[in-house]
Structure formats: structure tokens, C-alpha cells
Amino acid sequence: MKHITDLYESVNSTMSNKSDCPPVVLPEEVFFTISVIGVLENLIVLLAVIKNKNLQSPMYFFICSLAISDMLGSLYKILENILIIFRNMGYLEPRGGFESTADDVVDSLFILSLLGSICSLSAIAADRYITIFHALQYQRLVTPRRAAVVLLIIWACCIGSGITIVTFSHHVPAVIAFTALFPLMLVFILCLYGHMFLLARSHARRVSTLPRANMKGAITLTVLLGVFIFCWAPFVLHILLMTFCPADPYCACYLALFQVNAVLIMCNAIIDPFIYAFRSPELRDAFKKMIICKRYP
């Protein structure tokens, strides 16, 4: 919260001095409501996979990882609002030691949300690539145990990177490293897509004989990736502009949309579960069983 709040205060200062564009301010109730819905939706996804043995496969493990990332992004805003309420009620000393520590923890959740989403989408992309072009070896190459190990490595790296970024968040190299992860992830996934496209053209007949579920999973990834880019790209651009051209009047007008960009990030956590449910009959069935309290096989 400290780093994001400082950023927002700096934006407001820039608006008043360098631009005719007033900052767009949204009610805190909007943030809180979206965050609570995001946590509940992704918690349902996790419970559905945990309770349904038919969903306990590497693909759904990676989806659960993405759901956890979305939950962290929603929890970030909920905890931030709680801290603000406590501070306004006088229970926290402004800029005090406890608040500073709590701010770092909350900011770490935000960083973890982005890093976890990037890595989870990359893992899903790699999984779909293997599913389509190494279908016969898939069961041998991608086992639940190997998927679990990959996820442990991913989250260990995310936690380490998140702590480092929060610790050095006021240094330009740290900001560049943080924002660079976004395009690097896109390049990695687009390279996989490009390779898949070239192989699909040269092996059109073999690809057409693949199980429909394999191709459907690739389409699901495409939708998830598109939503992720739409929701996160404006904020990443915001960070870059705030770092390199905060005084420019054109940049300042874009920076006025800080809270709008923040809402887009939280909407990502709400949209993803609907994509899972819409694209996966197995998950839809699991959700229905959870709603009517029917036992799983």
C-alpha cells in the first residue's frame, strides 16, 4: 500500500501542476466489492478442483495456480482497505513501523499476483503446446508430480522476486525489471503460438486428428491471455510513464486514470473463473455439484 499510495499521491501532485486532466476517483466501495467477489469466485475454483478427482490433472493444477494469483490480487485490495480504515480510526500511527511493515506485506501480494499470473499463463501455454504436439508422450512427460514440482519452483521464484522488487521499489532498475516481465512473458507465449502455428500448417492432418479437448484447451489459453493483457497492460504502461515521464502533460493525462487501471486489474480476477466455467464442462459440472451439495465421485 505504501508504494502504491505514494504513487497515487505523486500522480495527484502531477495532475495539479502539469496537466488539465483531473484524476479519476472511484469509490472505495467499488474496489472492495470487486475484490470480495474475486476472492469468492477463485476460491470456488480451487475447491472444485480439490474435491473432484476428475479435475486433478496437470492442466487444472496450472489453472489453480492462476486462480491463486487472482485471489492474491483481490486480497491485496481488501487488506489495503482494512489498513486504511484502521489508520483513519486512529488505531495505526501514520507512516509508523507497523504500518510500514504491513504495507510491504500487502504490496508483496500485489507483486505476487502479477508474477504468479505471468508464470501460470506461461505454464499453461507450455502444457498446451506439449498436449497438442507431443500428445502420445504427454502422460509420460507431464505427470501430476512434475507439475507440482514446476509450480513449487514457480512460486518460490515469484516469492523471491516479489520480496526483492518491494524492497528496492524506489530504484528505477527494480521498476524496469518488474515491468519487463510483462513483455517477456508475452514474447515467450507468442513464440510458442508461432511455433504451434508453423507446426500446425506443416502437420495439418495430424493436428486435425487430435482430441477436441486438446484444441479447446489452447483456445481457452488464448482467451485467458487476451483478458490478462487487456486488464494488466494499462497498469504496466502506467508504471512506465510514471517512472520516465511524470511531468509530461500527455503522460499526466494518462496517469489520471490510475484508479481505472487498478479496477481493471481486479476485474481480471472476476473474469477468469467465468472463462474456466464457460470453456470447461467438467468445471461447470463441479460447480453445479458444489451448489446443490452433491457428493463427488
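For all residues, glycine too, the Cβ spot is worked out from N, Cα and C.
Residues annotated as topological domain 'Extracellular' in Swiss-Prot: 1-23 (among others).
According to Swiss-Prot, the feature N-linked glycosylation site maps to Asn12 (among others), an assignment based on sequence analysis.
Annotated N-linked glycosylation site per Swiss-Prot: Asn17 (among others), in sequence order, evidence recorded as sequence analysis.
Summarising the annotation, Swiss-Prot assigns disulfide bond to Cys21-Cys253 (among others) and lists similarity to another entry as the type of evidence. Under the three-state DSSP scheme, Cys253 (disulfide bond) falls in the helix class.
Swiss-Prot lists 24-49 (among others) with the feature transmembrane segment. Residues 55-56, 60-61, 63-64, 67-68, 70-71, 73-78, 81, 84, 256-260, 262-263, 266-267, 269-270, 272-274, 276, 283, 286-287, 290 of the same chain lie 6 or more positions beyond the ends of the transmembrane segment (24-49) yet place their CB under 8 Å from a CB of it.
Helix, strand and coil residue tallies for the topological domain 'Cytoplasmic' (50-58), in that order: 6 helix, 0 strand, 3 coil [DSSP]. Swiss-Prot lists 50-58 (among others) with the feature topological domain 'Cytoplasmic'.
Within its own chain, the transmembrane segment (59-79) has Cβ neighbours under 8 Å at 31-32, 34-39, 42-43, 45-46, 49, 102, 105-107, 109-110, 112-117, 119-121, 123-124, 127, 131, 144, 147-148, 151, 154-155, 217, 224, 262, 265-266, 268-269, 272-273, 276, counting only residues six or more beyond its boundaries. Under the heading transmembrane segment, Swiss-Prot lists 59-79 (among others).
Annotated topological domain 'Extracellular' per Swiss-Prot: 80-104 (among others), in sequence order, evidence recorded as similarity to another entry.
Look at Swiss-Prot and you will find 105-126 (among others) tagged as transmembrane segment, backed by similarity to another entry.
Under the heading topological domain 'Cytoplasmic', Swiss-Prot lists 127-147 (among others), citing similarity to another entry as support.
If you look up Swiss-Prot, you'll see 148-168 (among others) marked as transmembrane segment, on the strength of similarity to another entry.
Residues annotated as topological domain 'Extracellular' in Swiss-Prot, with similarity to another entry given as evidence: 169-180 (among others). Taking the topological domain 'Extracellular' (169-180) as a whole, pLDDT averages 77 in the prediction.
Sequence annotations record features per position, and here Swiss-Prot assigns transmembrane segment to 181-199 (among others) based on similarity to another entry.
Under the heading topological domain 'Cytoplasmic', Swiss-Prot lists 200-217 (among others).
According to Swiss-Prot, the transmembrane segment annotation covers 218-244 (among others).
What Swiss-Prot records for 245-256 (among others) is topological domain 'Extracellular'.
A gap of 16 Å separates the Cα atoms of Cys21 (disulfide bond) and Cys245 (disulfide bond).
Within the same chain, residues at least six positions away from Cys245 (disulfide bond) with a Cβ under 8 Å of its Cβ are Cys251.
Between the transmembrane segment (181-199) and the stretches 105-126, 218-244, 257-278, it is 105-126 that has the most C-beta pairs under 8 angstroms.
If you draw a 10 Å sphere around the CB of Cys21 (disulfide bond), it holds 16 other CB atoms from the protein chains shown.
Long-range contacts of the topological domain 'Extracellular' (169-180) within its own chain (CB-CB distance under 8 A, at least 6 residues past either end) are made by residues 3, 107, 111, 114, 236, 239-240, 243.
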